[in-house]
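As given in TrEMBL:
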DOMAIN    26-79  domain 'YrhK'
TRANSMEM  33-53  transmembrane segment
TRANSMEM  59-80  transmembrane segment
TRANSMEM  105-129  transmembrane segment
DOMAIN    107-160  domain 'YrhK'
TRANSMEM  135-160  transmembrane segment
TRANSMEM  172-196  transmembrane segment
TRANSMEM  208-230  transmembrane segment
Amino acid sequence: MPHLIANRPRLYDLTRAHPSARDQFRWETINAVTYKLGGVVFIVGSVMFFPQLEAWADVGAWLFVVGSLMYLAVNLHDVAEVVRHRRETRHTPQRTGLNWTVAKLTLEALAVGAYVLGSLLFIVGSVLFLSAIDWVVGGAWCFIVGSLLFVVGASVNILQIVEAESLVTMQLMNLTAVTYVIGSVLFAVASVPYLWRFAASADETRTLTFLAAQFVIGSALFLLGGLFNYRRAFLVIRRKLRA
């Protein structure tokens, strides 16, 4: 799942009023490690959706729940960071002007809100896929709507990528946003056929195999986006420490 990317210094350490660059990077690392673990869990869970591993389908659904909770924790941390940044910059507009500052903060709030709602829908959808509940249609709709929310959030993030400290960080932000959008689209598309009924079991097996492969690729793209984003953060912090 995607999470917030921004072309501004992030306030990841929410425990101090004036944290150092090292403190910020420490919390950035905690955020990133949690996200990466969620990405790995999602990839393994996606593999369990292959028809050949049907006996492990419940394990896959539970892994999706765990992975979604990790992503949700990251996104809630982002929410707290955005709220703090909004509070601290409300009366200190940048050189670009108050209206542009407010617009950027609004876009960030929209993006992180979409990510949180999408994460919650993925948790609910994963639970609905469990054999004890077996409401596949409901789970599919949760995945579809959640994935579309991720597309909205990632698209909003793309609108914010208009400047960066260097060409490399700009490229890394673009790569992060692109992997998030493509991964979200793959999850949305792969969830739609779960609404269908198949006349032949062979057709169902082929389709579900293809869908599981899309889940794996989408999960891998989410993880890759997180790696790009962490690399960007590392370069930004390293530049500050050397200044």
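Placement of Cβ uses the backbone N, Cα and C atoms for every residue, glycine included.
Where the annotation comes from TrEMBL, it is an automatic prediction and has not been curated.
Counting Cβ pairs under 8 Å to the transmembrane segment (33-53), the stretch among 135-160, 172-196, 208-230 with the most such contacts is 208-230.
Long-range contacts of the transmembrane segment (59-80) within the same chain, counting only residues at least 6 positions beyond its ends with a Cβ under 8 Å from a Cβ of the stretch, are 1, 3-4, 12, 14, 31, 34-35, 37-39, 41-42, 44-49, 53, 112-113, 115-116, 119-120, 122-123, 125-127, 129-130.
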